[in-house]
């Protein structure tokens, strides 16, 4: 196996793990990093989706007891059934729109320049949302994921649709959207984690079936390396983020998004790199 390819797979895995659950867009970072590393062949998008599987396994491990409790409680506990229903409701809008517009989105938006614009716009939205949160005088309406209603879940699910635009961020859309709809910051963050499970599992399965030719003996090793790197880095990131949101807002991520997006645009339009 080519050592250069191994290094690229590990780098992209770490990028995925560190950015999947932060409001900075993992897909956007993978597109930019893949272009910079010249890791953008016909199977690159499949690689990007498959290594997300490693990142979501980190969430499953972190919440393994909660997930086991929900699954075992489905036959007898109303709260487990209600929570599962909320996850399903919040997942449907993004899946429906994703299946409808997948080809057009990948053809038009899966390149660094559109990602850069989305990063800047998303950063501005986060700044606006955080300013609005500071002006609120009443406490959040929903203080636990168990208090979510189906309508709350639907609203967060609609917000998640913005993440179909690379660079907007799935976690950013769901967390900021949830906060605007009255969810406590930690509740919005945790619900965003749970929403990632069906979305990423589904995307991984879909890409695996659709592009099964990408899974050769050589590429399978790269996929595994990338997924392992994503798992380890995502596990560290998830634990850190849960502590961070207890006492901080997302303003720093907004400014990072804007700065990174402007940097990508500057690099592209100055001719330093050709963002193909």
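Glycine is treated like the rest: Cβ placed from N, Cα and C.
Marked as transmembrane segment by Swiss-Prot on the basis of sequence analysis: 4-24 (among others).
Per Swiss-Prot, transmembrane segment is recorded for 46-63 (among others).
According to Swiss-Prot, the feature transmembrane segment maps to 83-103 (among others).
Per Swiss-Prot, the feature transmembrane segment maps to 108-128 (among others); the stated evidence is sequence analysis. Tertiary neighbourhood of the transmembrane segment (108-128): same-chain residues 23-25, 27-28, 31-32, 35, 45, 165-169, 172, 176, 250-251, 253-258, 260-262, 264-265, 268, 275-276, selected by CB-CB distance under 8 Å and a gap of 6+ residues from either end.
Look at Swiss-Prot and you will find 187-207 (among others) tagged as transmembrane segment, backed by sequence analysis. Note on the transmembrane segment (187-207): residues 20-21, 45-46, 49-50, 52-53, 55-56, 59-60, 62-63, 86-88, 90-91, 94-95, 140, 142-145, 147-148, 156-157, 160, 170-171, 174-179, 238, 241-242, 245 of its chain, located 6 or more positions outside it, place their CB under 8 angstroms from a CB of the stretch.
Swiss-Prot lists 217-237 (among others) with the feature transmembrane segment. Residues 1, 5-6, 9-10, 12-14, 16-18, 20-22, 43, 47, 50-59, 61-62 of the same chain, all 6+ positions outside the transmembrane segment (217-237), place their C-beta atoms under 8 angstroms from a C-beta of that stretch.
Among the features that Swiss-Prot reports, transmembrane segment is placed at 252-272 (among others), with the record citing sequence analysis. Within its own chain, the transmembrane segment (252-272) has Cβ neighbours under 8 Å at 22-25, 32, 112-113, 115-120, 122-124, 126-127, 130, 167, 169, 172, counting only residues six or more beyond its boundaries.
Listed by sequence, the residues of this chain that lie at least six past the ends of the transmembrane segment (83-103) yet keep a Cβ under 8 A from its Cβ atoms are 70, 74, 145-146, 148-150, 152-154, 156-158, 160-161, 163-164, 174, 191, 194-195, 197-199, 202.
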